[in-house]
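TrEMBL annotations:
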ACT_SITE  395  active site
BINDING   222, 326, 327, 328, 329, 400, 415  ATP binding site
BINDING   415  Mn(2+) binding site
DOMAIN    290-506  domain 'FAM20 C-terminal'
């Protein structure tokens, strides 16, 4: 018996020693002997403005950034401290800011006064009709995060890199009291009349709502329609795909990681569909589409006739409903925007094909057309195509710009809910603007190359960024890994273009003033 115990003891000690020697010690060595790194990129403010002449980092994938950090921890924080994410923009003049503070405050005070008058009228009417409406007072604050966000919009982006107000806005949209709910303007424009014979319906199955918050901020709520692990069926056309709330959230984080800053802030939130929609809405049509399911969950559906069926409804559990909250941009009356068809728009039919799908030289035609024949518009289209390819969004039929900034203003990347549908498929046709034009901004390429490095791997920084959202995990691991794979496709496409045409023809200085603009601006990054 003693010999057996001795044998067992010797065996366990041997296994423990082997585990320490082959597993634990290597990990400890890796931890204590991290490689010392140094940033060889030396990107200066002028390097991107002057075509990158002073940087030592070539674009080609055979050359790598040597990124240095002796610290462990947040890859995301290290990414945002990198020189590529700290390029100083020119000082902004009044004409390069979307709104002036006095103008915005006067506009908002008038809106608040009108809201108070309309609410009083509706509350009296509801009382007379024996309808219960919760009354939440408006607390208008000139320092509200949504107002600061609107005032921060400028010629180059929706917000600056170091704007802490964006995180405050995300927190407010996630926690602020909802005082009113209504259909969005495009839903209202339908007036319930939808042509069911159309292949592409004027408003999809997304049931988006406009929610007004207690500080008079406004957010678009898109409810959860699909579980995170579910992929879009391969036989679905892109124009009938679900709108995913988590895709809106992930697109905002990706946009910030890429340093585009062209997607309005988005955050996840649970909404009580009874207390935060049904009992506070002033819209009778919205109240009329609520019902209780057989499972006793509170549900509602869109007013458009072709989805006025219970099988298209979204339901709380029993009242809580997960969704995304997207910050509204300033109203069109104070900050006009125009919607422009994407030159690479898809054929929204079962059989049709657009010219770009059959003509590999299509970009040559686009380059001759206004506004793509000068300035930065075509490069911005290519930025948008790269962004959509990474998310898998095939539904970019239009884009919007602020009219104040003219032809060289940045493109707004709005409505990203059809992204992140299929992690197992990379839709290369989304990259058509890049593959056909063989052009890319120098700064965009540098950042993509940086995100391809293990020190700043795109999937890692996205995972970390998304972990801060209340609905985390926002994306499955398969979708995160797909980002890395698609990033590799983009870099290889640029490599093929440079091999074919030469680097100077492919990698373009970030900002070129449009020949149609009469006022002069400092040269800088139009991002």
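Just so you know, glycine gets a Cβ as well, placed from its N, Cα and C.
On the structure: features taken from TrEMBL.
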residue	record	CB count, 10 Å
222	ATP binding site	25
326	ATP binding site	27
327	ATP binding site	24
328	ATP binding site	17
329	ATP binding site	19
395	active site	20
400	ATP binding site	16
415	ATP binding site	23
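A straight line from the CA of residue 395 (active site) to the CA of residue 329 (ATP binding site) spans 21 Å. In this model, the domain 'FAM20 C-terminal' (290-506) carries an average pLDDT of 92.
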